[in-house]
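To keep things clear, I will list the structure first and then write my remarks on it.
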């Protein structure tokens, strides 16, 4: 038999009535064997990871290679975000919009109550107090995740600020927190043996925007189970941001220091697997410039009293796609990972107790144990690591972490980049004509689908601001919020907006631009545009660099490649304008008039 409400109230390390009532209610519903309040300590983490190793969920890695690090291997049916089972249950269907799945809230609550009834039987119910952003921010954003997964506790300890200190702050009168409940949906009957990766074939990731609640059932995988990440910091936070006058975005934050020692901050949005982490941890090939990072995935932005748009990273860790992250492509990420204290999921194991994935090293090991537990050699048909395998690493292990990461109020932005993955049409970099034109660029961002989301690979899909799977309300209202919000700021201080595409191909199918560290040449061109120093050609789509204005010193690139990278083809853009027209029609009446005006302007300029 599970617990009654009373023991929760007797032993809980909090007096917050709303929190106590909610924990008691969830315990009564889910019937766990015991309740544990997470304190976030080192001793607790050691005990939990020891238990996970004993259960077969985690494998302890060779401490000489990866100190205090572990690898986990999921059920093959639980490897990515499940967008088709992700719901925004707003009170009115219109408020969810066409980009989200919707169900009537009362109907969904009935369904969830049925699924969660007894779902934690035989398991420990962990209560994780956490904060997104800084504890000493003006308005800290608290959450409490209830979960029956110790793997989630260990991962949340890396990804957010958790435990006793947070709980102490939640004690303060009027402290608001987002309640987030997660269950693997794998109750254990007395005497029933557990499996290494419990989950359920039926999965539901549900958000109630008005009451700021998150319910997640059936999946133990990162984005579905670490509820502070996409569920809170983007889906629920985007609704809070709309209501409170700020922005919650799927963006990295960079700090750039020029040879003249002038500092600039830049945010950038990219859909999954378009090089976001590589740009966040950029190793510049351009002389005299220094690059530091403040974050690789999520950015919260608001206007300060002086009218500047400031950005903060609400996360405490990196949850990066492993394949393609390597010593030659992203040495900064690899150095952070090599320090240990990490949890890897669905990577391959080396024979000496380390981890490996495609793209990690130039040489492939002669033998591995693949993510499914099978013996693997370079002749094997399948990749050794799952394409969406992950590393979960503390952000403070990054050598190039900017000290401003610790500023509760964030940093003032000079520029915002939007980038997709397109073989044709979109040039290497385009500066928008103005702020609204920049929102137009962001609203039409497009990319070819990747392994990070379950579904078809290689289809071009529109991904406004790289937020398509993460907007917690109507997408047209979200774009309207971008248009309206700028009026709060000092128009002179608004960040300049640029559209980038590292993935343009030449006629023979090769990449037109080398990418990786050489993307610093594009980023510095953008900064020099802000300073009025770099030349550009005005095209129907915006301002594109002249060949001479890019610093190509030491770069091995042919004239043909550069021409292909910067080309604005009128025929391709005529087709693109039609495609955008089709995309915009999907918004119905909620698309801002300003963006329809931008599309008409583009068509006119294309003639």
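Glycine is no exception: its Cβ is also placed from the backbone N, Cα and C atoms.
Taken from Swiss-Prot, the feature substrate binding site applies to 81, 221, 222, 223, 272, 388, 389, 390. Here the Cβ of residue 81 (substrate binding site) has 22 other Cβ atoms within 10 Å, regardless of which shown protein chain they belong to.
The Mn(2+) binding site annotation in Swiss-Prot covers 230, 250, 297 and rests on sequence analysis. Residue 230 (Mn(2+) binding site) counts 23 other C-beta atoms within 10 Å of its own C-beta, drawing on all protein chains shown.
According to Swiss-Prot, the GTP binding site annotation covers 273, 274, 275, 276, 277, 278, 390, 421, 516, 517, 518, 519, on the basis of sequence analysis.
Residue 274 (active site) falls within neither a helix nor a strand when secondary structure is assigned with DSSP, and so counts as coil. What Swiss-Prot records for 274 is active site, and it gives sequence analysis as the kind of evidence.
For residue 277 (GTP binding site), other Cβ atoms within 10 Å of its Cβ number 23.
For the recorded positions 230, 250, 274, 275, 297, 518, a Cα-Cα cutoff of 10 angstroms around residue 223 (substrate binding site) retains 230.
Most other Cβ atoms within 10 A: among the binding-site residues 297, 518, that distinction falls to 297. Of all the binding-site residues listed here (221, 516), the one with the fewest other CB atoms within 10 A of its own CB is 516. Under the DSSP three-state reduction, residue 250 (Mn(2+) binding site) is assigned to coil, being neither helix nor strand. Geometry remark: residue 274 (active site) versus residue 516 (GTP binding site), CA distance 11 Å. Taken residue by residue with DSSP, residue 221 (substrate binding site) is part of neither helix nor strand, so it is coil. In the structure as shown, the Cβ atom of residue 389 (substrate binding site) sits within 10 Å of 27 other Cβ atoms.
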